[in-house]
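Trainee: Copying in the features that Swiss-Prot gives for the protein in this structure:
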COMPBIAS  631-654  compositional bias 'Polar residues'
CARBOHYD  Asn88  N-linked glycosylation site
TOPO_DOM  22-33  topological domain 'Cytoplasmic'
TOPO_DOM  55-111  topological domain 'Extracellular'
TOPO_DOM  133-157  topological domain 'Cytoplasmic'
TOPO_DOM  179-192  topological domain 'Extracellular'
TOPO_DOM  214-393  topological domain 'Cytoplasmic'
TOPO_DOM  415-438  topological domain 'Extracellular'
TOPO_DOM  460-481  topological domain 'Cytoplasmic'
TOPO_DOM  503-527  topological domain 'Extracellular'
TOPO_DOM  549-704  topological domain 'Cytoplasmic'
TRANSMEM  4-21  transmembrane segment
TRANSMEM  34-54  transmembrane segment
TRANSMEM  112-132  transmembrane segment
TRANSMEM  158-178  transmembrane segment
TRANSMEM  193-213  transmembrane segment
TRANSMEM  394-414  transmembrane segment
TRANSMEM  439-459  transmembrane segment
TRANSMEM  482-502  transmembrane segment
TRANSMEM  528-548  transmembrane segment
Amino acid sequence: MSGAALGIEIVVVFFLALFLLHRYGDFKKQQRMVLFGTLLAWYLCFLIVFILPLDVSTTIYNQCLIDQEAQTQTPSVSPVLSEQTTANASISPAKSTQRVCYKPWSYIPDGIMPVFWRVVYWTSQCLTWLLLPFMQSYARSGGFTITGKIKTALIENAIYYGTYLFIFGSLLIYVAVHPQWHLSWYELQTIGITAANTWGLFLLVLLLGYGLVDIPRSYWEASRQGHLLIKTYFKAAKLMTEKADSEENLEDVMEEVRKINESIKYNHPLRKNVDTILRKCPLEYQEKMGRNMDDFEDFDDKQNSYPTERSLSKLHKQVIYAVQRHNRTRVQWQILLEQAFHLEDVAKNETSTSRQFVHSFAPPEPVGWFRRYIYTPTAEWYWECLLKQWFYRVLAVVLALFSVAVVWSECTFFSTHPVLSLFAVFIQLAERDYNYLYIEMACFITIFFLCTCVYSTVFRIRVFNYYYLASHHQTDAYSLQFSGMLFCRLTPPLCLNFLGLIHMDSAISHQAKKQTAYTSIMGSMRVLSFIANGFYIYYPMLIVVLCIATYFSLGTRCLNLLGFQQFMGENEMTSDLIDEGRELLRRERRKRQRIEDGENRRREWRERYAQRDENAARNRTSMSEMKETNYGETLNANTNRQAKYTRSGSQSGRDSIELLQDAEPLDFNAETLTDDPLQSDTGRHAGGRYLSMSSSRNRIFDDV
């Protein structure tokens with residue numbers, strides 16, 4: 001298994017990142033460079049999360065080998081244990097003269113991990129600090145040529161890059177003027193990594209303090225169906241306002257595009273730029289603008305009334321932003337409608353005596369084998385109406401305990417004697433028994449929980465609502481690039497902070513132990529002692545203050561006072577928005593119900609009259625065959641008596657007989673007769689037999 005686990009995880013993580021990108025992105029419509037950059041960013045960040053536990057278990061094994069070698073070189077002496085050593089014996093691994101080191105199942109040979117981490121780390125840093133911000137500006141640029149887009153992207157990122165260069169230059173000057181330090185390439189590299197990790201840790205603590213409280217509370221609130229439904233009504237009212245604003249903004253921008261489209265004809269030099277703008281517009285607007293277009297117009301006499309290329313670039317950027325905003329709000333509205341309708345269905349089915357879950361609307365996708373045989377309506381009722389709320393409550397309690405452990409460990413991870421960090425205690429207990437599988441699973445679950453708290457916060461806070469990850473291929477390119485940039489920026493300091501929690505970072509724990517390969521790539525933080533001994537230790541304690549503020553919803557109350565309406569339980573404005581959202585969802589439900597009823601009626605009519613047409617055609621075919629057979633038998637049997645029953649034996653006589661036999665009776669009581677073949681398909685003309693829907697009895701004025 002030497003290196004096999006590493007190779008397997010590299011392949012599995014790649015397909016995981018590809019699957020998630022396919023779920024959220026659109027391979028057919030979005031640019032290849034956007035998809036490639038996002039895939040690479042996600043892949044590298046997922047590699048750090050999945051491979052770091054293997055690095056931890058391998059480091060523990062190598063440390064065991066070092067301790068074993070040190071014991072064999074020193075004589076066996078029975079030490080006298082002090083009270084402090086005895087007290088810490090339950091935490092630190094027991095030392096014996098005959099210590100046996102067991103190789104982990106996922107052992108990675110020496111020399112592989114440093115190269116691997118160096119490639120992963122520096123590639124992700126190039127993506128997050130250089131390429132992805134540039135690609136974001138390039139994708140939103142209004143330029144019509146590659147050169148114009150590159151120029152615009154460089155101008156927009158000048159302040160962005162200048163800020164980081166200023167921070168790096170300040171740290172470089174600080175180190176250069178220090179008399180005890182002699183700068184080398186390794187130390188310069190460490191300064192750059194320290195600057196990036198410091199900025200990442202600054203954002204990390206702010207986001208983590210909110211997520212540690214909000215995620216357990218969100219699951220607890222999800223177990224209360226009534227509260228969740230009321231909150232959904234509130235979100236619907238706010239989202240409808242934003243949706244209407246985006247539609248109005250799109251209409252205004254499309255009006256400007258229409259005016260320019262009518263003024264600039266096909267022989268104008270800027271017409272190709274206008275065509276580029278039109279291709280970014282929604283299809284319905286493209287069709288409207290393409291109807292009243294002349295082929296040629298002399299523009300030499302009206303040169304001053306035409307827009308410039310710069311104004312077209314500005315309009316192009318406005319079109320891109322307006323279309324993205326409109327699509328984002330439209331997708332959010334559809335997702336919110338599905339959630340609200342589902343919650344209303346759950347509320348209705350809770351009082352059902354049949355114990356079968358009934359949906360208000362048919363599912364858009366056909367029912368698969370899972371819902372047909374396993375997740376039946378009865379199983380769905382028990383899950384949605386009984387088990388789900390209790391499962392969410394238990395999960396909320398577990399996550400709350402996990403959050404408390406994280407907060408405690410963040411405040412005490414710098415203490416090594418005694419060991420106060422809970423995660424360090426658990427890892428050292430498993431290290432004593434060489435339970436490498438437990439170590440790797442504990443590391444992965446902890447890192448995954450921290451990543452969830454951090455990343456979900458960005459997409460939950462209202463200020464960051466511009467970025468939205470929507471499934472079913474509905475995420476725009478800007479949100480994909482932002483997510484990749486954010487993951488690459490926060491994952492390395494998050495994992496470094498985790499190594500400090502479990503005392504695997506010697507710069508924080510100050511223990512003479514073998515470092516992980518990941519920590520060795522980060523360099524020694526002792527180059528900047530005020531960061532290693534100050535900021536990295538005391539700044540994470542700010543999580544306590546942030547968690548308390550989040551628990552009492554201080555941020556929500558402040559935003560509400562500033563005019564940003566937030567969900568507050570006892571507030572008049574909140575009650576008005578809840579009522580408005582309830583009415584909006586009632587209208588949408590009636591609208592969707594009418595559409596579904598109309599489709600059902602059309603389907604029934606098509607099935608009914610398609611079957612009647614099929615039966616009528618089958619009857620006509622069988623009757624025609626029977627008549628032809630009877631006529632043939634009669635003709636053969638009465639060949640000698642042909643003159644007795646016919647006036648002549650000519651071919652014209654037989655043809656007239658066949659025409660009379662094939663003719664079908666007409667309904668002269670029918671009000672109208674039509675020869676339109678399209679009406680016969682709709683059931684109005686079914687073989688001459690379904691032309692009248694009136695009664696067959698005589699009317700008063702039939703003889704007039």
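Even glycines carry a Cβ here, placed using N, Cα and C.
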Trainee: With pairs fewer than 6 apart in sequence excluded, do the transmembrane segment (482-502) and the transmembrane segment (193-213) have three or more C-beta pairs that lie under 8 Å?
Mentor: yes
Trainee: The transmembrane segment (439-459) vs the transmembrane segment (158-178): three or more C-beta pairs under 8 Å (separation of 6 or more)?
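Mentor: Touching, no - the transmembrane segment (439-459) and the transmembrane segment (158-178) miss the threshold of 3 or more Cβ pairs under 8 Å.
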Trainee: If you average pLDDT over the topological domain 'Cytoplasmic' (460-481), what do you get?
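Mentor: Mean pLDDT, the topological domain 'Cytoplasmic' (460-481): 73.
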Trainee: I'm a bit unsure how to read this: which one of 4-21, 34-54, 158-178, 394-414 has the highest number of Cβ pairs shorter than 8 Å with the transmembrane segment (482-502)?
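Mentor: It is 34-54, which has the most Cβ pairs under 8 Å.
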Trainee: Let me spell it out: take the topological domain 'Cytoplasmic' (133-157), skip the flanking residues so only those 6+ beyond its ends count, and list any with a Cβ under 8 Å from a Cβ in it.
Mentor: 31, 33-34, 37, 272-273, 276, 309, 312-318, 320-321, 477-478, 481-482, 485
Trainee: Please give the sequence-distant neighbours of the topological domain 'Cytoplasmic' (22-33): residues at least 6 beyond its ends with Cβ less than 8 Å from one of its Cβ atoms.
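Mentor: Long-range Cβ neighbours of the topological domain 'Cytoplasmic' (22-33): 135, 139, 469-475, 477, 480.
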